[in-house]
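The active site, nucleophile feature in Swiss-Prot is assigned to 190. The annotation substrate binding site is assigned in Swiss-Prot to 194, 336 on the grounds of a curator's inference. Look at Swiss-Prot and you will find 231 tagged as active site, proton donor.
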């Protein structure tokens, strides 16, 4: 494994302070012993979706910093960066060249031209997995007045790439080579499941094409000294498929599983999952997205999922729903719950520390989202200003707020756990799920003479961590 076996921080380039320099100051001052890496969300020039509509992956948005700022991180920490494999901005040089030169553009085949599919029947439209309140197509007018349609899964500004063309692979390889030259060693493959377009299917995670694309990206990344973290929210079986392909899967089932376990004081389903979950995961409790429900389907019974949703609903903004391209106004089951993880646990410090302790003892590399690091609460004001439901969990912290919140008792307890997880050698060894009753969890790690054990009582939300001091041979207790 190329990555340090340590906690990583997930953060925006401009929401802990104003820019990358501010972020580095906070990390170096408060977190240097607590983390081994960072996932810095998109810092590229972008015109939509909070950075996820990049004009290029070869520039840093000057509003947040320079490549020197990025390389300051990579000199000391692992760095995960988003590679938006599905789309690029409509303001990118490639798409603006297509608008100017039409189908004579050297980049014309880089995009998915909807009209090549002919008329799409209502039945086929109904199958397409969509992410907005309209069909995933956009009509554009070329400079000569010709109108044509291109595929755009997300916002109108995010134009999907055509993986039936060599141009898409050439673009991705150039991005991967450039990012790794700056020290990036983990590529988060954003929205990769939407790269497959085959009418008559969901156009989402279509096999075998999706794995052919993934395997190619992973091969190129490994050649350049980086690993891959494909991002997909769907049935947990996809995470196993990713793991088998020598890539890191997300442990996206863990957040809803832990919420259910702590709110209902029932560890049965959590322990069932821990017995079989991939061992090379990246685990999260919170991210810049909401708490996704599809990831836990098949792990939690449907009636337990309903109990969880009903419990959290009062502390969440409106949920994000699943939609059909045939009828954009019809909604299916809940896709994401929108609230901070701390609020989901009713701002209960002990429950929150219990959740983090279980995350840190779960196999894989743990990531902590910046709002979660500071035990942040729902930012209703930002959400109402932007109209984006997920902004409830995307607070802009001033440096003064960080200095204040980092001293909160719950945050100091979390930092103690993070330092232990990032530095105690037992986590380089073997995972053990020990026997416990259905209202508790017992987990351990062993590596040579190093041994650590976690016991969590889900009723009382108490956490007990013990570990071996190899210098004295004594068993010690971690204050958390």
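Numbers run from 1 along the shown chain.
Just so you know, glycine gets a Cβ as well, placed from its N, Cα and C.
Keep in mind that what you see is a predicted model, and the values were worked out from it rather than measured.
Distribution of Swiss-Prot features across the structure.
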{"residue": "190", "record": "active site, nucleophile", "Cβ contacts under 8 Å, 6 or more apart": "52, 82, 83, 84, 85, 86, 231"}
{"residue": "194", "record": "substrate binding site", "Cβ contacts under 8 Å, 6 or more apart": "86, 129, 131, 153, 160, 203, 204"}
{"residue": "336", "record": "substrate binding site", "Cβ contacts under 8 Å, 6 or more apart": "233, 289, 290, 291, 292, 293, 319, 320, 390"}
Cβ atoms near the residue listed as 'active site, proton donor' (within 10 Å, other residues, all chains): 20
Per DSSP, three-state class assigned to residue 231 (active site, proton donor): coil
Helix, strand or coil at residue 194 (substrate binding site) [DSSP, three-state]: helix
DSSP three-state assignment (helix, strand or coil) for residue 336 (substrate binding site): strand
